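Asker: Following this message is one structure expressed as structure tokens.
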Amino acid sequence: MYREKFTKITEGFTFDDVLLIPMRTAVEPKNVVVSSRISRHIQVKVPIVSSPMDTVTEDAMAIAMARYGAIGVIHRNQPREKEVEMVKRVKREETIIIRDVYTISPETPIEVARTLMATRNIAGLPVVKDDKLVGIVTKRDLEFVKKGSSVSDVMVRDVITAPENVDIDEAIEILHKNRIEKLPLVDSSGHLVGLITAKDIITRQKFPDASRDSEGQLMVGAAVGPFDLDRAVEVEKAGADFIVVDTAHADNENVLSSLKKMRKQISVDIVAGNIATAQAAEDLISCDVDGLRVGIGPGSICTTRIVAGVGVPQLTAISDVAEAAKDSGIPVIADGGIRYSGDIVKAIAAGADAVMLGSMLAGTEESPGQEMIINGRKYKAYRGMGSIGALTTGLSDRYSKLGNGFIAEGVEGAVPYRGRVDEVLFQLVGGLRTGMGYVGAATIEDLKRNGKFVRITNNGLRESHPHDIRLISEPPNYQISNISP
């Protein structure tokens, strides 16, 4: 019995254990298609998801990710109301027709109008009385106005409008012809039913590959705890395109039971994790989830494998889960352990449909981590969601709690500042395209199906990195600090 535990032991592989074998190919990197699914019904043009960590993804990151063609998941280590508001901000950031329009009444004092525009970061407000459009007021209208004035004193009353079924080309023509920036949409009774802005149209044209829903809004995911059905309902109502049920060990009887209940209440896609085995994949699939999140302990800030002695090397975990899920058509997201763009190529070749990133995005301008200067270099705070800091600020249901204390499964630290997230994504996608070109994969499915691995030795790994030279500068897609000790 005990001896068999070692005589029948299996072998696990991770990113530094293997390389992909180059193939004869006619595929050029610039021509490959990197679009993929991150859940049953969510397709993105860039197969990268920002992790729902409180030092990685809030609304600014989610907006930047979606604009690039990737997607972000808002973290849940905050009050429900704040997460809901972040989801709403992402959904409002870009849209052809704004349905949930901020409005104001004619009697509103000018000071209140100014405050509302500033807090909502908007330049104008439709003026509504008895649910009917009676005017519009902009920041420009509020300049040099005497105190004590009301909106009715300065608003534009002769408002140019369009019917609610106007098409986008006609709306652009109306905006251009009348030299206006906002076009209210009204029904036959004069009720305000929507708003089209020139800013949103220009932004849409600027980001043609953005991840958008059927209404033209940016797509976003929201993380919820496995037992927080109320939060799941609220973020779905706010517009979340999919939900990530966020727990360290999803193959747990209580979690599985809760997932089945959540499935009955939630209509958007549900991505569940984290898991690391084929059996776990089968268990989650039986709960009718729409995506699988793979990775127990591979992250740079995770100590689960050391503290608990549990985990599966990430490439083996990915391949085992992907094998179990392949007939179901449910996508697999590889979460954790990725340090270079080449690791993304390996993860997909092992069976993943997309990857989830934490540390590689934590140092970007859009991440919410605190900035700091260490030895003259700029860094941003980054911590695991199993760190004491994260656990004590609210995320106690993701990891173990024994008695009155927490069992930490993560650490807190800092990562080098890396600039804007679009610059990082450009390098990562470029590496993915290059890798696909080497192995002759024109699509993500080709890479999953045809990628072949060779196992390498420690000497092979050393040979793979720059050697026999003193580096005097780091290229944007290679950091010396990422090399394993």
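Backbone N, Cα and C define each Cβ position, glycine as well.
As listed in Swiss-Prot for this protein:
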DOMAIN    97-154  domain 'CBS 1'
DOMAIN    155-211  domain 'CBS 2'
BINDING   Asp246, Gly295, Ile296, Gly297  NAD(+) binding site
BINDING   Gly297, Gly299, Cys302, Glu463, Ser464, His465  K(+) binding site
BINDING   Ser300, Asp335, Gly336, Gly337, Gly358, Ser359, Tyr382, Arg383, Gly384, Met385, Gly386, Glu409  IMP binding site
ACT_SITE  Cys302  active site, thioimidate intermediate
ACT_SITE  Arg398  active site, proton acceptor
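Describe each of these features in terms of where it is and what it packs against.
Answerer: In sequence order, Gly273, Asn274, Ala276, Gln314, Ala317, Ala334, Asp335, Gly336, Gly337, Met356 make up the list of same-chain residues 6 or more apart from Gly295 (NAD(+) binding site) whose Cβ falls under 8 Å from its Cβ.
The Cβ neighbour count for Cys302 (K(+) binding site), using a 10 Å radius and every protein chain shown, is 25. Cys302 (K(+) binding site) carries a strand DSSP state (E or B).
Residues near Gly384 (IMP binding site) in space but far in sequence (CB under 8 A, at least 6 apart, same chain), listed by position: Met53, Gly299, Ile301, Cys302, Thr303, Ala390, Glu409, Gly410, Val411, Glu412.
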Asker: Distance check, please: Cα of Ile296 (NAD(+) binding site) against Cα of Gly386 (IMP binding site), rounded to an integer number of angstrom.
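Answerer: Cα-Cα, rounded: 12 Å.
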Asker: Which one, from the binding-site residues Asp246, Glu463, has the smallest tally of other C-beta atoms lying within 10 Å of its C-beta?
Answerer: Glu463
Asker: Rounded to the nearest angstrom, how far is the Cα of Asp246 (NAD(+) binding site) from the Cα of Tyr382 (IMP binding site)?
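Answerer: Distance (Cα to Cα, whole Å): 18 Å.
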Asker: Take the Cβ of Ser464 (K(+) binding site) and count every other Cβ within 10 Å, whichever protein chain it belongs to.
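Answerer: Here the count is 12.
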Asker: Taking DSSP three-state, what's Gly358 (IMP binding site) in: helix, strand or coil?
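Answerer: DSSP assigns Gly358 (IMP binding site) to coil.
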Asker: Work through the binding-site residues one by one (Gly358, Gly386, His465) and name whichever has its CA nearest to the CA of Gly297 (NAD(+) binding site).
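Answerer: Its closest listed neighbour, by Cα, is Gly386.
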